[in-house]
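J.: Structure in structure tokens, see below.
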Amino acid sequence: MSKITRVWSREILDSRAMPTVETVLQLDNGVTTVASVPSGASTGKNEALELRDGDQARYLGKGVLKAVDNVNNKIGPAIVGIDPSNQADMDKKLIELDGSNNKSNLGANAILSVSIANCKAGAIANNLPVYKWVYQLSTAQGAATEGIPTRVPTPIYNMINGGAHGAGNLDFQEFQIIPASSKPYSLALKTGAEVYQHLKNSLIKIGAIHSVGDEGGYAPNLFNNADALGINVEAINSAGFQIGQDFFLGLDVAASHFYKDGSYSIKDRSNSLNSGSLTSFFEDLSKEYRLILLEDPLQEEDWSGWTEVTSKLGDHMMIVGDDLIVTNPERVKKAAQSKACNTALIKPNQIGTVSETLEVIKLARQFGWKIIVSHRSGETNDFFIADFAVGVKSDFVKFGAPARGERVAKYNRLLSIETELSANK
Ligand code: PGA
Ligand code: ZN
């Protein structure tokens with residue numbers, strides 16, 4: 001049995017030059033683990049609370065010294081002596097210490113950094129790579145499907161960054177390409193990177209800006225959102241691949257972020273749309289571009305609109321709840337009851353602990369949904385989320401474009417896990 005002997009935390013930078021929390025946890029054998037937490041820009045309003053200092057004299061109010069102090073002086077002393085193998089007990093303790101229903105006392109950023117550092121320590125204490133340890137934890141919690149992980153989840157690449165993530169003029173947030181799931185991950189990574197390079201050339205050809213947005217995808221000004229789908233198709237073709245065979249298309253609409261006063265305004269239509277006419281637009285796009293994934297197609301409180309989208313498009317598309325369900329069990333239950341979506345986007349920092357994230361995965365699986373484990377737009381080089389995705393046997397992962405250090409840290413980690421898994425076969 002191992003024991004935690006020391007816990008300390010500090011403020012570091014994320015990929016957007018914003019502060020975030022990094023926590024170090026030390027075991028009685030001297031081994032340390034380190035975990036840092038990501039941060040969203042297009043956050044759902046029902047997410048657990050990310051504690052920011054609000055002191056305008058530092059980082060425009062975005063400092064995390066209070067969260068760091070909470071780890072150093074409130075959480076740390078309370079968890080010294082605990083065996084990190086007991087992830088469920090650790091997370092229960094963290095939830096109790098906080099005492100609120102949205103982690104608003106200690107901060108979900110403070111809490112998650114400790115929960116993840118503990119998970120990594122549990123892996124070390126049990127002599128396992130983190131993904132195998134996560135698999136054991138998810139099995140113990142009833143969140144896993146039968147059988148040890150044998151494959152790496154299919155990546156969803158965010159090739160064009162719009163909305164809150166790109167300086168260009170696109171309304172939709174992510175224009176995604178998804179390699180066929182039958183391909184080995186290493187091939188999916190190679191071909192995805194090739195399309196990324198071809199996309200750059202396609203943008204240069206039309207004189208569009210090819211600098212990148214928060215998730216490493218290009219952030220051009222285009223005529224409208226449909227054009228961004230078209231240019232992804234062109235890049236796939238010019239790289240020598242075929243839509244519907246090698247690659248499929250997806251969209252994270254992130255509709256809450258362009259919803260105002262009861263309607264949606266997008267470049268593709270001269271008049272503003274209600275939820276019904278926006279849904280018809282998605283029907284058209286899905287036919288023309290053979291979309292297989294639609295995330296947050298409507299704003300996060302339009303439950304009846306979501307039910308309509310899922311009943312119209314859900315038989316051939318993943319209708320993904322992100323801002324809608326915010327990795328929250330109550331919202332997942334509500335979405336299942338109202339048949340509002342059929343796929344869960346899973347972001348540990350929306351809920352705040354590893355065990356609660358596993359619980360949401362368990363629930364989503366019970367409802368027969370697909371699972372996508374996701375990064376955030378503000379990231380660090382911590383690649384825990386890659387191990388986590390393999391361990392829970394997620395169907396897909398969403399780690400941004402196959403570019404920029406904080407994104408490829410995760411994609412490259414999946415490469416090494418794939419090598420390990422095939423050596424074990
Ligand atoms: P966020 O974006 O991390 O800024 O919330 C990611 C997403 O919406 O999926
Ligand atoms: Zn999203």
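Our numbering is plain: 1 for the first residue shown, then up by one each step along the chain.
A Cβ is built for glycine as well, from the same backbone N, Cα and C atoms used for every other residue.
Please treat TrEMBL annotations as automatic predictions, because they have not gone through curation.
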J.: Of Asp227, Asp322, Asp323, which one shares the Mg(2+) site with Asp252, Glu295 in TrEMBL?
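T.: For Mg(2+), TrEMBL names Asp252, Glu295; of Asp227, Asp322, Asp323, the listed one is Asp322.
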J.: His165, Glu174, Glu295, Asp322, Ser374, His375, Arg376, Ser377 bind substrate according to TrEMBL; which of Lys200, Lys339, Lys398 goes with them?
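T.: Within the candidate list, TrEMBL flags Lys398.
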J.: Quick test of your reading of the structure: among the recorded positions Glu215, Asp322, Lys347, whose CB sits under 6 A from ligand 1?
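T.: Passing the 6 Å Cβ check against ligand 1: Asp322.
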J.: Those binding-site residues, His165, Glu295, Lys347, Ser374: which ones have a Cβ sitting under 6 Å from ligand 2?
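T.: Among His165, Glu295, Lys347, Ser374, near ligand 2: Glu295.
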J.: Mind giving me a neighbour count for Glu295 (substrate binding site)? Other Cβ atoms within 10 Å of its Cβ, every protein chain shown.
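T.: A count of 28.
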J.: Tell me the coarse DSSP state (helix, strand, coil) of Lys398 (substrate binding site).
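T.: Going by the DSSP assignment, Lys398 (substrate binding site) falls within a strand, counted as strand.
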J.: Checking the recorded positions Glu215, Glu295, Asp322, which are within 10 Å of Ser377 ((2R)-2-phosphoglycerate binding site) at the Cα level?
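T.: Of everything listed, what lies within 10 Å of Ser377 ((2R)-2-phosphoglycerate binding site) (Cα to Cα) is Glu215.
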J.: Around Ser374 (substrate binding site), how many other C-beta atoms are within 10 angstroms of its C-beta?
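T.: So the Cβ neighbour count for Ser374 (substrate binding site) comes to 28.
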